[in-house]
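**Student:** The following block contains the structure, expressed as structure tokens.
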Amino acid sequence: MAAPRDPDRAGGGSGPGSGRPPPGDLRSALITSVLNLERLELDLFRGRHHWVPATQRLFGGQIVGQALVAAARSVSRDEQVHSLHCYFVRAGDPKVPVLYEVERTRTGKSFSVRSVKAIQHGKPIFTCQASFQLSQGSPVQHQFTMPSELIQKFLQNPNLAERYRKHLTKIQAEDVPIDIKPVNPPDTFCLEPQEPKQFFWVRARGYIGETDMKVHCCVAAYISDYAFLGTALLPHRQYHIKLMVSLDHSMWFHAPFRADHWMLYECESPWAGGCRGLVQGRLWRRDGVLAVTCAQEGVIRVQEMPNQSKL
């Protein structure tokens, strides 16, 4: 499966482990701004906002990414994150910074666990547990196969993908530090039910380069929440969204990757009901290696479109 090509940017047409920044290219805003936390004490950090969504709620991916940065700064360089599990407990206030309080729950010989609490106005808005592991080899290895769906529709009409990108979610803004290109985007104006499955080519904007793998994992945490929950609404496009927010978010990291290189984000929703939706995702490297697995449940409240009303 071919990824989008970008001749004007290094790494756009290369797989993980290659690519150099072209002259004048700036480092990714995700590294220099969004995920660049200020250390206040040993295990206390302050994070600021790169951009504010139109919904006037903090972007969940920002909170997940910043929390993982805080946790990662309390472990050794040799330890790499292999999983994290998060809960969003209150809406974030975009007018004030977020404090991240890290608890060193356990530091073992092979695994270490860190608990992170994100705080605003003296109350937690988010909690997270992240587990880190020292590299260990094992003969027990397998993975799913990268999906083989064709992307000719995207390749033949990139303008369609660009129009769809602008309608992905209400959080779209010019300052979003992500490049995202949908594969075979649906007709934005069609209200017919669709299969709850979609694919995106995603990467961080700007150059990150070869660095501690935890940095790329933090960037992937930011990216993973973008347009994710909307997958659950594809079979229900006849409804108007009143509220759609994340309740929890989990990630498992399987293999090294470059977050500033194109990866295929495979998203699907196996279930929705009770004003909640469940979505699952897989981030694939271009060479077919499964890099990250994600899962999320969120609140979804809808109402019938005016012209669909039975009243």
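Just so you know, the numbers here start at 1 and follow the chain as drawn.
Each residue, glycine too, has its Cβ placed from N, Cα and C.
TrEMBL lists 51-133 with the feature domain 'Acyl-CoA thioesterase-like N-terminal HotDog'. The feature domain 'Acyl-CoA thioesterase 2 C-terminal' is assigned by TrEMBL to 197-299. Summarising the annotation, TrEMBL assigns region 'Disordered' to 1-26.
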**Student:** As a quick check of your reading of DSSP, tell me how many residues in the domain 'Acyl-CoA thioesterase-like N-terminal HotDog' (51-133) are helical, how many are strand and how many are coil.
**Tutor:** 13 helix, 41 strand, 29 coil
**Student:** Averaged across the domain 'Acyl-CoA thioesterase 2 C-terminal' (197-299), what pLDDT does the model get? Just tell me the whole number, please.
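**Tutor:** Per the prediction, mean pLDDT sits at 95 for the domain 'Acyl-CoA thioesterase 2 C-terminal' (197-299).
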